[in-house]
Amino acid sequence: MSLHLVDADGHLHSEKRLKEYLTTIVAPSVSQSGSAATADDGDGDSTLEAIGVNYHVVGVFGGQSSGKSTLLNHLFGTDFQTLNEAVRRGQTTKGAFMARANDALAGVEASSAAVVADRLASGAADRSSCLNRAAAAAATKDVADGAHGASRTASLMLVLDFEGTDGLERGEDQCFERQLSLFGLSIADTLIINMWAVDVGRFNAANLNLLRTIFEVNLQLFSHDKYEAEEKPTLLIVLRDFTEDDPAPSLATVRKSFDTIWEGITRPAQFAGASIDALFHLKYYVMPHYKLQKTEFMTSVETLQRWFSDSQCPDYLFSHRAMFRGVPLEGLPAYLTSCWEAIRTSKDLDIPTQREMLAQHRCKEAKMQELKAFRHFARNYEDRLLHGEMLLRLSEVLDEEMETRLTSFYRQTKLYNSDVVGQYANELETELVNATMRVLNRLSKAIAAEVLSNAEPRVLNSVEESLRQLLKSAQTLPFSAGEGPGAAEAAEVNDVEGDAAHLVGAQRMDSPACQKLVRSFWRSLSRHVNEVVAEVAAMPPRAHLYGRYVALIAQDPTTRLNVLNIVTDALFQKVKSRMVSMADSACDTMHAGFERSLTHNSDGTARFFATTKGLQKAVPAATQAGVVVLGSLFYFRLKLVAAADDDGIGADAAGTALPQSRSARRVRQDRHRILFNDNDAEAAFYLSYSTFDTAPKYPYDVPVRSADCDGEEAGAAADCILLSQQATVRAYELYRQKCDFTTQLQLRTIEAGKQRLPAWVIPALFILGWNELLYVLTSPALLVLVVVICAVFFKQFFVSQWHAFEETGPASVVIPTKTVIHTLSTLVRPLLDYGPGPRTERTERSHDAAAAVEEMSHVEATCTHVDPTLGSANLPAAPATMRHRTSRKLD
C-alpha cells in the first residue's frame with residue numbers, strides 16, 4: 001500500500017495523516033479498529049517510538065518513463081503504478097509516493113537492533129544525554145530490552161518514488177523538479193539515479209541536468225555551519241539495460257560527466273577545492289536488459305537487494321553515519337511537514353535547524369506529558385495534606401516519582417538532538433522540583449507554624465535581653481576625660497533646677513566606645529537568634545519545638561531542612577519587624593532606657609536617691625544610655641545570607657550526610673543564615689556622638705544603595721535604614737525634653753521630701769545637753785540603752801543620712817568608708833549566724849527577691865515596643881513612677 005505523499009500541485013499530506021499511514025504500515029494490527037484511532041490513542045505512538053531510528057529511506061530520481069517505478073517494485077516489492085505502454089507513453093508518477101519495502105522478498109533479511117546499535121555506536125554520544133541518573137536508567141533499560149528483542153526486530157525500509165524529469169507535462173518549468181530534489185535529499189539515506197546505459201556520454205538524453213540540480217541543492221544544504229560532513233547521502237547510479245561485457249568504460253564516462261558538472265557549479269569558498277566525493281557517497285550498479293535478459297535482470301535485482309538489506313555485504317549502503325538524519329520514526333511526520341513547508345515557501349532549508357525544531361517539538365510534548373502525570377500524582381498527596389493527614393517520608397515518595405518521570409522523558413527523547421534534550425530535561429527537572437516543593441511547602445508551613453509559636457517568644461525576649469545588656473554597658477561607660485568631675489563639682493554652687501540641664505549638656509560622650517556598644521548589641525542579638533535557629537535544626541528534633549511533628553521530622557530530612565528555612569526566614573522578619581516598631585517610637589524606647597538606667601544600678605538592683613546631687617550625678621549616665629539606644633535603632637544591621645553547604649546545620653549527631661535528592665538540593669540552595677556583618681560602607685554608617693547639647697551626627701556622607709541595585713555595590717542598604725536624618729534629630733529632641741521633664745520632677749520631689757533640721761539645732765543640743773551627754777558616756781548601761789534605742793527608732797534616719805553622705809561626699813572618703821563597712825560586715829556576719837541572724841538574713845533575702853520581682857515587672861511595664869502578635873503594652877507616665885518610688889523611700 002502506497003501513499004501519495006506529495007500530489008501534482010505540491011500539497012503534502014497533513015501530519016496527522018502521515019502518522020496514521022506510518023502506524024498502518026508498521027503495525028497493521030494496531031490500526032484494524034480504524035485509522036483515526038491509531039492517530040489519536042497512544043498505541044500508534046508507542047509503536048512508532050519502538051522503531052526509533054531503526055529504519056531507512058530510499059528514493060529514486062530519473063527521467064520520465066525511464067522505469068523507475070518498475071525498478072522499485074521488483075527491488076522492494078512495492079506496488080507503485082507503472083506505465084502501460086499499450087495505452088500511451090507519458091507521465092505516470094505525479095509528485096511523490098511513499099511505500100514500505102516488502103520484508104518477505106528473497107534476499108531481504110532481518111536486521112536486529114543489536115546490529116543497528118553497533119552501527120550507531122560512533123554517534124551514540126550525540127543522540128543520547130547522560131546528564132543525570134534518569135538518562136542512565138533509561139539507557140540501561142533500553143539496552144536490556146534490545147537484548148531480549150534482537151532476534152525479532154526487523155529494520156523498516158521506506159521507499160519514495162519521485163516524479164520523473166524532462167516530461168512534457170512540466171515543460172521547461174524546473175521549479176517543482178528542484179523542490180522535489182531538495183525534498184528527497186533532506187529525507188533520504190540513499191538516492192537511486194536511474195539512467196539508461198545507451199544515454200551515457202550524453203547531457204540531455206542522460207538527463208544530467210537533474211544531476212546538476214541535485215549537486216546544487218546538496219551544496220546548498222552543506223553550506224550551513226551546523227551541517228556535519230559525515231551525513232552526506234549516498235547516490236546509487238543504476239545503469240539500466242546494460243548489454244556490454246565490461247562496465248568500466250561506461251562507469252568512467254559517468255564519473256567524468258559528474259566531474260564536469262561539478263566543475264561548472266559555482267561553489268562556496270569552503271568547497272572551492274573539494275571534489276564531488278565531499279558531498280556524496282557515490283556507488284554504481286549495472287543491470288541487464290529488462291525484457292531481453294529477464295532472468296539475468298531478476299538475478300541482478302536479488303544481488304542489489306543485498307546492498308540494502310545484508311549488513312555483511314561488502315557493498316552495504318547503510319554502513320555510514322547518515323542513517324536518515326538521526327530523526328526517529330515518530331518524529332518523521334513533523335519533520336517532513338517542516339521541511340516541505342520551508343521548501344515551498346522558498347526559505348533556506350537548514351536540515352540541522354529542522355532537526356532541532358523537530359527535537360524541540362518532541363521534547364516539548366514529552367515534557368508536558370511527564371509534567372502532567374507528575375502533577376496529577378502530587379495533587380493526590382496535596383489533597384491528603386489538606387484533609388490533615390500526616391504523611392511520613394513524603395519527600396522520598398515525591399523524589400522517587402520525579403526520578404520515574406525523568407527516566408520516562410529520557411527514554412522517549414534519547415534519539416533526538418542531545419543539546420535540545422538536555423535543555424528540555426533541565427526545564428522538566430526544574431518544573432518537577434517546583435511542583436515537589438509546592439507540596440513540601442504545604443506540609444513544611446504547617447510544621448513551621450508550630451515551631452514558630454514555640455520559638456518566637458524566645459527570639460523576642462532575645463531582643464529585650466540584648467537591649468538590657470546595651471543599657472547596662474552604656475550606663476557604666478565613662479565620659480571623655482576632663483569633663484565629668486569638674487562639671488559635677490560646679491553644680492554644687494548653682495540653683496538646683498537650672499543646674500541639671502547644664503550638668504547634662506556639659507558631658508562629652510566617647511563616640512568610638514558608643515559605636516562599639518552598638519556593634520556589640522547587634523552581635524549579641526545575632527548570637528541569641530542563631531542559638532534558637534540551631535536548636536530548631538538540632539537532631540534529634542526537640543519535642544518542645546516540634547510538638548506532634550517530632551516523629552515526622554525525624555524520618556524526613558528534606559522536610560526538616562525546608563522547615564528550618566521557613567523558620568529562619570520568619571524569625572529574621574520577626575526580629576526586623578520588632579526593631580522597626582521600636583524605631584517608629586524611638587523617643588519612647590530611648591526614654592524607657594533612660595528611666596531604667598536612672599532607677600536601676602548596673603547590677604540590676606533598684607536605686608533610690610536621697611539628695612539632688614546624687615540624682616544629678618546619675619542623670620548623665622542614664623541620658624547616655626538612651627542616646628546609645630538611638631544609635632542601635634536607626635539602622636538594621638542583621639543580614640539574611642546564603643548558608644554554606646558544609647556548615648553542618650541539619651546533620652544529626654552521628655554525622656549522617658544530608659540527603660542528595662533533587663528536592664533536597666533545592667532546599668539546600670534556599671538555606672540562609674542570620675548574621676551581623678557590616679560591609680565597608682556600613683562600618684562607617686554609625687551615629688557620631690559629642691555632647692548632649694547637640695544631636696548625634698548623622699552619617700550622611702556614606703553612600704546608600706537602593707534595594708534594586710546589585711548586592712555587590714558598596715553602600716548602606718536603603719531598606720535597612722529605619723530612621724532618616726530628620727527622624728533621628730526629632731527623636732533626640734523629644735527624648736531630651738522628656739528626660740529634662742522627668743529629671744525636674746524627680747528633683748522637685750526630692751526637695752519637697754527633705755526633712756532637714758535648722759543648722760543651729762545640732763550645736764545648741766551639744767551646748768545645752770553637755771552634762772547629760774557626759775553622764776550617758778560615763779554610764780555603760782545607759783550608753784548601751786541609748787545605742788539600742790537609736791538603732792531601733794532612728795535606723796531609717798541614720799540610713800538616709802548615710803545615703804546622703806554617699807551621694808554628696810567626696811569619693812576619697814566615701815570609697816574607703818564603704819570598704820571598711822563591707823569588711824566589718826563580712827567578719828561579723830558569721831558570728832551572728834548562731835543567733836537570731838538567720839531570721840534577719842532570710843528577711844533580707846525575701847526583700848531582695850521582692851525587689852527583683854519588682855524590677856522585672858518594671859522592665860515589662862516600661863517597654864512600649866511589644867510586637868503586635870504579642871499584644872500591646874502602655875508605658876506608665878514618668879512622673880507617677882518617680883513619685884511612687886520617692887514616696888515609698890520616704891515612708
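Cβ coordinates come from backbone N, Cα and C, glycine included.
Feature annotations, reproduced from Swiss-Prot:
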- GLY62, GLY63, GLN64, SER65, SER66, GLY67, LYS68, SER69: GTP binding site (BINDING)
- 52-321: domain 'GB1/RHD3-type G' (DOMAIN)
- 1-756: topological domain 'Cytoplasmic' (TOPO_DOM)
- 802-891: topological domain 'Cytoplasmic' (TOPO_DOM)
- 757-777: transmembrane segment (TRANSMEM)
- 781-801: transmembrane segment (TRANSMEM)
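Mean pLDDT of the predicted structure over the domain 'GB1/RHD3-type G' (52-321): 72.
Excluding GLY62, GLY63, GLN64, SER65, SER66, GLY67, LYS68, SER69, which define the GTP site, the same chain contributes GLY164, ASN194 within 8 Å (Cβ to the Cβ centroid), listed in sequence order.
Using a 10 Å Cβ-Cβ cutoff, LYS68 (GTP binding site) registers 28 neighbours.
Mapped onto three states, the DSSP output places GLY62 (GTP binding site) in strand. Of all the binding-site residues listed here (SER65, SER69), it is SER65 whose C-beta has the fewest other C-beta atoms within 10 angstroms.
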